[in-house]
Amino acid sequence: MGNVATRKRPGCHHHIGRNEENLDDDEDGPAKKRLRIGEPQAENEYQKLAFKSRLQKLKKCRPHLKRRTYKVEEADPRPPVPRFIVDDYGDYEKPEPTRKEFAIPWFEHLFLPEFPTRSVINEKSFVLERQLGRGSFGVVYCASAIHDSERKFAIKMQEKREIISKRAVLQVKREASIQRLLPSHPFIARTYSTWQTRTHLYSLLQYPTGSTGDLFSVWRQRGSLSEAAIRLIGAELASAIDFLHQNDVIYRDVKLENVVLDQWGHALLIDFGLAKKLKQGSSTGTICGTLQYMSPDVASGGTYSHYVDWWSLGVLLHILLTGIYPYPNSEATHHANLKFIDYSTPIGCSREFANLMDRMLAVSITHRLCSFTVLHAHPFFRSIDFSKLEQKDYTPAAEIGNAEYDTYHKSEDALDDALFKENYDVSCGRNVIFAVLPVFW
């Protein structure tokens with residue numbers, strides 16, 4: 001038959017028989033593991049071996065080195081926006097952060113443009129001296145400028161976390177907007193600048209040097225005031241309230257704690273947290289304010305307008321003379337529990353003051369004093385010339401002034417006026433104290 005060439009099946013030359021491989025292993029001695037992998041996979045294996053080798057050497061050189069483990073959370077493609085701010089996500093609920101001590105480092109856009117992120121004036125320009133008060137969202141400090149320690153200001157620091165958690169973003173922005181757009185008035189505390197950082201909102205406010213504190217502290221320390229002191233305080237606050245009403249602002253929180261006395265005893269209205277833009281002739285129905293100063297119109301849940309501020313002013317004047325509330329509401333904890341019966345008529349006062357209280361605190365709106373024009377013409381304020389009142393030509397009673405300032409000087413007001421005019425652009429009606437410069441957080 002001859003030599004017949006055996007044909008190989010296609011692909012047989014690519015195979016290495018298992019038996020043949022075992023024979024090679026037996027010939028070499030112990031079985032050896034041979035890597036039959038591609039080049040990329042082999043390179044990856046070599047990198048792992050090299051990493052293990054370096055790690056072992058590092059452990060030998062540094063025996064005190066401890067292995068730290070980190071919990072890697074799955075990335076969420078959606079932005080970390082609270083449910084009550086953006087409702088487009090349906091049933092999406094962001095879990096609570098594990099480290100609550102860290103404040104929220106975002107949401108700058110929520111507070112723009114009332115609180116810009118870049119400002120010439122920032123928290124590093126002042127030295128905090130003492131705490132003046134604490135509010136729902138932060139603290140108010142008395143501060144002095146670094147370049148001039150004698151100039152005093154009030155700096156309000158509000159936490160973004162508290163504002164967002166209590167859903168008060170619009171309220172805080174409304175307060176800052178009203179104060180920034182409001183023109184200057186001698187009996188309203190001015191707002192010089194506002195800005196924000198990653199965690200806080202800041203407001204630079206007027207605070208008179210040598211102030212005796214708020215009206216509540218003065219009344220608590222010195223007791224009931226004389227009618228002469230009450231007359232001037234009432235006239236100055238009435239002028240401030242009428243100025244707000246003329247600028248379509250309803251205040252809604254007139255009380256002793258929101259009035260600060262300067263070193264000479266003149267009144268300054270502060271804290272616009274509950275103020276609201278409201279045009280003349282319009283009405284609103286939000287139930288807000290301090291319970292003991294709340295008018296029947298607000299407590300009943302109906303609609304009301306600017307005239308509720310005059311009721312609150314009447315309660316304030318009544319407390320300054322008698323030391324008690326005009327109605328038995330000192331223990332009330334809800335607006336539904338307020339009682340407007342058993343009116344406490346002031347005793348030991350002049351007939352004019354008693355008549356003023358009767359008219360300002362009348363439950364019926366038809367018999368109540370509800371305008372500045374009527375109050376201006378009341379006999380109790382006959383000795384006050386309201387045209388000269390804003391020039392502070394009247395000297396307050398010595399019982400409410402600061403003994404260290406026995407004479408009145410207008411240099412302080414001149415500095416404040418210059419600063420305010422520099423920071424207020426009448427043409428556009430906006431506070432332009434801040435320029436576009438970086439603030440390093």
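Keep in mind that glycine also has a Cβ here, set from the backbone N, Cα and C atoms.
Residues or ranges marked as compositional bias 'Basic residues' by Swiss-Prot: 1-16.
Annotated region 'Disordered' per Swiss-Prot: 1-41, in sequence order.
Annotation source Swiss-Prot lists domain 'Protein kinase' at 126-381.
DSSP assigns Gly138 (ATP binding site) to a strand in the three-state reduction. If you look up Swiss-Prot, you'll see Leu132, Gly133, Arg134, Gly135, Ser136, Phe137, Gly138, Val139, Val140, Lys156 marked as ATP binding site, on the strength of similarity to another entry.
For Asp253, the entry in Swiss-Prot reads active site, proton acceptor, with the evidence type similarity to another entry. Under the three-state DSSP scheme, Asp253 (active site, proton acceptor) falls in the coil class. Listed in sequence order, Asp271, Gly273, Leu274, Ala275, Cys288, Gly289, Thr290, Tyr293, Ser312 are the same-chain residues six or more apart from Asp253 (active site, proton acceptor) with CB atoms under 8 A from its CB.
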Leu132, Gly133, Arg134, Gly135, Ser136, Phe137, Gly138, Val139, Val140, Lys156 excluded, remaining Cβ within 8 Å of their centroid (ATP): Met157, Gln158
Neighbourhood of Ser136 (ATP binding site), C-beta criterion under 8 angstroms, separation at least six: Glu162, Lys166, Ala168, Gly273
Average pLDDT across the domain 'Protein kinase' (126-381), rounded to a whole number: 93
